[in-house]
């Protein structure tokens, strides 16, 4: 059921599209996240990787919108797709409300996927064919023989959320973009201050409750991690994508066994402080600590709402991935934001990117 009015008929993410200026950069990353290649495009150098209900489109097609995006930004998420009830209707409405169209070249007998210009100029596709047997993949792709079409992989189920890092002063622009076109609402607002720098984050959620996009911008001090991302990425873009698991410890063990590299674990003090922060949380602290998994949420008055999360290292330029499990908490790990922000800041100081004068 929709949380509020859903004029575009949104129904979750359909896929994220990735591209790289150098060949064979992304395939190994998909593999260490537990994804399997299940299909190849009929006429283009484009491939479908899957795990659970997550679709990753690897676009290696030369002279494509994706290849130009990757040439400018490096290996990156160069597009994303929302599921909608009626793509032509949604597309028409988006254009009437001021969205810019993006033309994607199609071959004969191929679907024309309507797309508008999204974050960093990347296409935001509107897809209404996602039923098993009649999806865009059934029409435009050839499934590989003998490969499970819905591999379980490391137990990742769906795209939980993805973030946009934006230039200072542009958070309101992007919030308005999603509000005006899709009727997103702001569900969380954070102002995270580290010792030297800070960031502001506005978490936007679609009326279907399934598409969640936190927008991040640098606070007035500058020189922090959002600024560093924007410099490295050469513009605004998707900073990380979070995948949902229903057993993060098990997922972590699987990912670790296939070569996933995780962000440096928080200091021991983080785990010593957990009981004080979340009294009677009931999670196995030793197991979490051994894996560097973070815990957040609230546990007041016996009403436990928890969230477990862990991040990969930066795997594509400054872009990384998050693996998350929700036990009643629908936030983004705000309690960990500060803890993590400070640990990233310490890392920036160590690397000499940030001066402590």
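Each Cβ is built from the backbone N, Cα and C atoms, and glycine gets one as well.
Using a 10 Å Cβ-Cβ cutoff, residue 322 (Fe cation binding site) registers 20 neighbours. Residues or ranges marked as Fe cation binding site by Swiss-Prot: 161, 240, 322.
The domain 'VOC 1' feature in Swiss-Prot is assigned to 12-129; the stated evidence is sequence analysis.
Per-residue pLDDT, averaged across the domain 'VOC 2' (158-313), gives 93. Annotation source Swiss-Prot lists domain 'VOC 2' at 158-313, citing sequence analysis.
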Response to the item:
Students should find that the Cβ of residue 240 (Fe cation binding site) has, within 10 Å, a number of other Cβ atoms equal to 21
Worksheet item: Using an 8 Å cut-off from the Cβ centroid of 161, 240, 322, can you name the remaining same-chain residues around the Fe cation site, in sequence order?
Response: 160, 162, 163, 214, 241, 242, 243, 311, 321, 324, 332
Worksheet item: Can you tell me the three-state DSSP label for residue 161 (Fe cation binding site)?
Response: strand
